[in-house]
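Per TrEMBL, the feature transmembrane segment maps to 44-65, 77-96, 116-138, 158-181, 218-243, 255-278, 290-310. Taken from TrEMBL, the feature domain 'G-protein coupled receptors family 1 profile' covers 59-310.
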Amino acid sequence: MILVFFASSLSKPFMTTLRNSSWRLIQPSFFLIGIPGLEESQHWIALPLCVLYLLALLGNVTILLTIWTDPSLHQPMYLFLAMLSGIDLVLASSTAPKTLAVLLVHAHEIGHTVCLIQMFFIHAFSSMESGVLVAMALDRYVAICHPLHHSTILHPRVIGRIGVAVLVRGILLLLPFPILLRRLVFCQATVIGHAYCEHMAVVKLACSESMVNRAYGLAVALLVVGLDVLAIGVSYALILQAVLKVPGGEARLKAFSTCGSHICVILVFYVPGMFSFLTHRFGQQVPHHVHVLLATLYLLVPPALNPLVYGVKTQQIRQRVLRVFDIKGQI
């Protein structure tokens, strides 16, 4: 009797460990709900999301081809814009296809590894987009405050190094996300109340200790957004200080107009992103379907609007695009 009791007491932790280890070996698939609470109207919600994705593809490919084929646009501002367009293409394509599949054809299941890969691409390229916006603010600062040295300070080699630094930062900071998630145990329902694999939405499903994941996710968000917004703010404070010293209202207006498109892109990227981040962690009063919609739009609206903003606000880009379509119309 004593032996049986001893064996049974040993078997409980042993079986728990065995179950947890076997769960790690056979990782479960996840089930994406889509827009919780709006299941009946998800196909209607998918239509504007599909339009945004098509606009993002068409607009960013047009920007990339325009800059690539026109040597006169191989300048710092347009090279950074090309980086932004490339990142927007990856960001939108990492989110939209699976989200549209969930909403339109009810393809809710996503493999564990595929979910982690999607999550890494979304968060890593969001970090890269933030880094490119900092680089574009630096370009505007040099162009306005040091116009005579603009080409010598931001020559192609420096621009290439900035691009590599943005890429490496995004990979190194966000690679721990999927690595840390693989150590978690998902022994309960693996239903994600989201339209794609978002980091905190996956972390909340774990039944093992996830404090490290939560702390690291918060630290990365505060580090990336905090430092990048600070750098952009300092750049524009110096730009404002320099512009206010310029005599003549017309000259000031021209200096401000060169920053207009970049400021619009910054607002489109950071404002919805910060609202989505804050409501996900602290906004318990915000309905969940509102948060999911905002988080999805945050990944599709900037890639769709950025080419339109730069196409309308930047004369050189607008002229080149119109010239291309005019040539095609004549042919």
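From the backbone N, Cα and C atoms, a Cβ is placed for every residue, glycine too.
Note that the structure is a prediction, hence the values are computed from the model and not measured.
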Per the definition of 3+ C-beta pairs under 8 A with sequence separation of 6 or more, do the transmembrane segment (77-96) and the transmembrane segment (290-310) touch? yes
Just to confirm my parser: what is the rounded mean pLDDT across the domain 'G-protein coupled receptors family 1 profile' (59-310)? 86
If you count Cβ pairs under 8 Å, which stretch among 158-181, 218-243, 255-278 touches the transmembrane segment (116-138) the most? 158-181
What residues in the same chain, six or more past the boundaries of the transmembrane segment (158-181), come closer than 8 Å to it by Cβ-Cβ distance? 76, 79-80, 83, 116-117, 119-120, 123-125, 127-128, 131-132, 135, 199, 202-203, 206, 212-213, 216-217, 220, 223-224
